[in-house]
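Quick notes on the structure that follows.
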Amino acid sequence: AGFMTSMGMTMPLTSFLSQRIGRKRLYLWGVALFIGGSLLGALADSIALVITARVVQGIASGLMIPLSLAIIFSVYEKHERGRVTGLWSAAVMLAPALGPLCGSLMLEWFSWRSLFLMNVPIGLLALLLGVGVLPDSEPAERKPFDLIGYLLVASGTGLLMIAISRMHHAQALLDPVNQAMVLVAVACLVAFVRVELSRQAPLLNLRLFNMRGYRLSVIIAVVQSVGMFECLVLLPLLVQSVLGYNPIWTGLALLCTASFASLFGQWGGKALDRHGPRTVVAVGLLLTGVSTLALGMLKA
């Protein structure tokens with residue numbers, strides 16, 4: 001919860017910060033911060049420090065994830081972006097599957113501290129490659145920081161994430177604390193929308209949702225992401241708790257899923273350049289629906 005909450009609260013700042021200090025510099029700061037969080041976790045001697053380390057990693061991820069696609073789009077021409085986005089998607093899908101597999105092996109062979117330490121050499125390599133390969137970008141025109149907008153979206157996102165993380169069972173929906181957090185979160189997000197639409201220099205340009213294509217693409221992406229990450233959470237529980245396999249087999253099951261996603265992500269990027277988004281998205285959603293239905297029909 002600490003990781004996801006801090007990441008969600010940091011992402012709205014990315015556009016403003018990149019305009020102030022440049023995309024490359026901000027991305028490198030994100031990588032360095034992730035390395036620092038990993039070192040803090042590896043050296044932690046209490047659960048409070050472990051949680052703090054995860055929060056630091058979440059802040060770093062909130063900086064890096066939006067910037068990665070922004071940097072790609074600034075480097076490649078429009079006719080190449082589909083192919084490159086496919087490669088990016090392949091890496092994004094492969095990494096969460098390799099993580100549990102590598103993590104289970106590290107836990108089998110070493111201690112839990114190795115889960116944090118394994119990020120350090122990877123982060124240092126990313127830092128060196130970023131310094132040498134990423135193009136420099138000059139800071140853009142300085143716009144005023146929308147502090148009220150940020151406080152509203154950060155509060156709304158943070159409270160909603162915390163409330164969801166507390167709802168482990170149906171009875172938790174009736175918890176007055178959870179209900180209060182959800183109500184306050186919704187109120188903050190509604191106020192955020194009203195404030196941003198009235199700003200000349202908003203933190204997030206919500207007027208983009210007036211574009212039908214953008215609006216539909218966001219809705220589709222949200223629905224797809226909910227289904228995908230729901231499976232990533234529930235599949236390990238199915239493999240271990242229901243079917244009785246060990247964590248290594250769980251990692252292999254996730255690796256199989258991500259390998260095909262990685263493979264077809266590259267094909268999808270090329271198909272996007274060739275046929276446009278409508279056909280590619282339709283085929284992807286159809287396959288997602290069929291496979292999710294098949295998983296739902298499994299008998300425990």
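Just so you know, glycine gets a Cβ as well, placed from its N, Cα and C.
Whatever TrEMBL says is automated annotation, not expert-curated.
For reference, TrEMBL has these:
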- 1-300: domain 'Major facilitator superfamily (MFS) profile' (DOMAIN)
- 26-49: transmembrane segment (TRANSMEM)
- 55-76: transmembrane segment (TRANSMEM)
- 88-110: transmembrane segment (TRANSMEM)
- 116-135: transmembrane segment (TRANSMEM)
- 147-165: transmembrane segment (TRANSMEM)
- 177-195: transmembrane segment (TRANSMEM)
- 216-239: transmembrane segment (TRANSMEM)
- 245-267: transmembrane segment (TRANSMEM)
- 279-298: transmembrane segment (TRANSMEM)
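Counting same-chain residues at least six beyond the ends of the transmembrane segment (279-298), those with a Cβ under 8 angstroms from any Cβ of the stretch are 220, 224, 227-228, 231, 235, 238, 268, 271-272. Long-range contacts of the transmembrane segment (55-76) within the same chain: residues 2-11, 13-15, 17-18, 23-24, 26-27, 29-31, 33-34, 36-38, 40-41, 84-85, 88, 134-135, 137, each at least 6 residues beyond the stretch ends and with a Cβ under 8 Å from a Cβ of the stretch. If one looks beyond the transmembrane segment (177-195) by at least 6 residues along the same chain, the residues whose Cβ comes under 8 Å of a Cβ in the stretch are 146, 148-149, 152-153, 155-160, 162-163, 166-167, 202, 206. Long-range Cβ contacts of the transmembrane segment (216-239) within its own chain (Cβ-Cβ under 8 Å, at least 6 residues beyond either end) map to 96, 100, 209, 245, 249-250, 253-254, 257, 277, 281, 284-285, 288, 292, 295, 298, 300. Sequence-distant contacts of the transmembrane segment (245-267) (same chain, six or more residues past either end, CB-CB distance under 8 Å): 83, 86-87, 89-91, 93-98, 100-105, 107-108, 231-232, 235-236, 239.
Counting only same-chain residues 6+ beyond the ends of the transmembrane segment (147-165), those with a CB under 8 A from a CB of the stretch are 1, 4-5, 8-9, 12-13, 178, 181-182, 184-189, 191-192, 195-196, 199, 202-204.
The list of residues near the transmembrane segment (26-49) in space but at least 6 beyond its ends in sequence, with Cβ under 8 angstroms from a Cβ of it, reads 14, 17-18, 55-57, 59-61, 63-64, 67-68, 71, 113-117, 119-120, 123-124, 126-127, 130-131, 134.
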